[in-house]
Amino acid sequence: QLIIKSTSQKKRNLSEGRISSSLSLALHLTIITRAVIVFFCRHFRPPHGQGKLFVSRRSLLDELFEVNHIRTIYHMFIALLILFILSTLVVDFIDEGRLVLDFGLLVYAFGQFPLVVCTWICMFLSVLLVPYSLFHLWAQSQSHSHPGMYSLLFGSVFLLYQALGLGFLPTYMAVTNSVPPASCFIIILEQVRLMMKAHSFVRENVPRVQTWAKDKTMVPQVSQYLYFLFAPTLIYRDKYPRNPVIRWGYVATKLLQVLGCLFYAYYVFVRLCIPQFHSIGLQLFDLRAMVLCVFNSILPGVLVLFLGFFAFLHCWLNAFAEMLRFADRMFYKDWWNSTSFANYYRTWNVVVHDWLYYYVYRDFLWISQKRFRPAAMLFVFTVSAVVHEYILAVCFGFFYPVLFCLFMCFGMMFNFILHDQRKGPIWNIIMWTSLFLGQGVIICLYSQEWYAQRYCPLKEPSFLELLKPRSWSCQRGLMGN
């Protein structure tokens, strides 16, 4: 009996020792995890209150168009549009013996529009509900015990939503349904815009909730978040400077100008691009043809650049700003006067530049404690290049990293060579020459690849064949035949 009691006592002690060791290990792991989270929350808390300042101001072109000399340039572009329309009508009349009003290219490009509308509604409702709900629940959890664990949980759910709910699903829908290019651009650009807005909302409000955890008024209202989702800015604020009235005549004018730019781009492609590239699969490719292609593509490339800038950054954003009484209209600066590419990148698209500057560049410096400024600039270029190439790859239906190479190679090189210390008219001429040449390269190579994808389709392409530009192998196949 003594032996049995002794044995049972030893087993009991051993069992209690194992339990005690397990509890001790779990306790140590909990303490370490909490210490890591607390350290992260204290030492890696984003800076607050040092962001963009919004003030009431007009768009630069609205001010310049009040000068008759500048408005004459606008009239010249309208005259050029009239000539494009007349040349198209005259040529069609000579060929067909009648006036042909065929907008088949526009109908094709904006095909499956009901699907686009449904997809946008789903994206917008998800961005309205999911980020705000997660943030509201997280803000409430900060007054409870273990706030770091709740931060890790809600942060992980938010990142999962950004990657899958808002990142993967719209792209999957656009690719599987073979959405035409213009309609696909609407979906993907709205996807990127909503992702950037959701990030800005969380990024701007997390620091102030962490600073004032017990003050429930720090959580923005739904109406403030809803206004931000429509406002023409990617930087969240609870309040923006507002105009007293809405000028509906101004809104109608800007929307009509957007429509005019759309038809302008249509005639640019019909008269300058399609005749040049439609027979691309019927001719042999050589260096001379490539050089001629690039230089012949400069004019349509520059016109598309101007039209895209004027239609979106000036007309579209000003129309929405007017309807929302949003008073800060500095969506761009005088990028045309730039004598360096560094200044051009800062002034061409102020809306996107502000987001990249505050949430990519400055946050990178904050994490690295301001020790790697060149690496921060390289990271900004990489993010911008990847997103641009992602948009073009999904919308065009093929991977051809021309824009990525221009961003990462020539863009980075010119950013350091043509820096802010370069002054004088000669540097502005060099900037414009480089910009024109880059637009010619983009239009030429992407147009060649577009038609090569249709003239030389692959029945069962492998993954490597999908990454390989079709215009290369398509031309070589024709030369062999």
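Note that Cβ sites are derived from N, Cα and C of the backbone, with glycine treated the same way.
If you look up TrEMBL, you'll see 21-40 (among others) marked as transmembrane segment.
Taken from TrEMBL, the feature transmembrane segment applies to 73-94 (among others). With a threshold of 8 Å between CB atoms, the same-chain residues lying at least 6 positions outside the transmembrane segment (73-94) that come near it are 65, 100, 102, 260, 263-264, 267-268, 270-271, 306.
The transmembrane segment annotation in TrEMBL covers 106-129 (among others).
Look at TrEMBL and you will find 149-169 (among others) tagged as transmembrane segment.
As annotated by TrEMBL, transmembrane segment applies to 248-269 (among others). Sequence-distant contacts of the transmembrane segment (248-269), counting only residues of its own chain at least 6 positions beyond either end whose CB sits under 8 Å from a CB of the stretch, comprise 77, 81, 84-85, 88, 103, 105-106, 300, 303-304, 307, 310-312, 314-316, 318-319, 322-323.
Within its own chain, the transmembrane segment (289-317) has Cβ neighbours under 8 Å at 59, 61, 77, 232, 254-255, 257-258, 261-262, 264-265, 268-269, 272-273, 276, 283, 329, 331-332, 348-349, 351, 435-437, 439-444, 447-448, counting only residues six or more beyond its boundaries. Look at TrEMBL and you will find 289-317 (among others) tagged as transmembrane segment.
Residues annotated as active site in TrEMBL: His388. Long-range Cβ contacts of His388 (active site) within its own chain (separation 6+, distance under 8 Å): Leu403, Phe404, Phe407.
Annotated transmembrane segment per TrEMBL: 398-417 (among others), in sequence order. Long-range neighbours of the transmembrane segment (398-417) within the same chain, counting only residues 6 or more positions beyond its ends whose Cβ lies under 8 Å from a Cβ of the stretch, are 341-342, 345, 377-378, 381-382, 384-386, 388-389, 392, 434, 438, 441-442, 445-446, 449-450, 453, 466-467, 469-470.
Residues annotated as transmembrane segment in TrEMBL: 429-448 (among others). Sequence-distant neighbours of the transmembrane segment (429-448) (same chain, 6+ residues past either end, Cβ-Cβ under 8 Å): 273, 276-277, 280, 290, 293-298, 300-302, 304-305, 338-341, 344, 392, 396, 400, 402-403, 406, 410, 414, 418, 471.
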>> Using a Cβ cut-off under 8 Å, which residues of the same chain at least 6 positions beyond either end of the transmembrane segment (149-169) come close to it?
In response: 33-34, 37, 41, 123, 126-127, 130-131, 134-135, 137-138, 141-142, 191, 194-195, 198-199, 202
> Which residues of the same chain, at least 6 past either end of the transmembrane segment (106-129), have a Cβ under 8 Å from a Cβ in it?
Replying inline: 161, 165-166, 170, 173-174, 177, 179-183, 186-187, 190-191, 194, 197-198, 225-226, 229, 262-263, 266
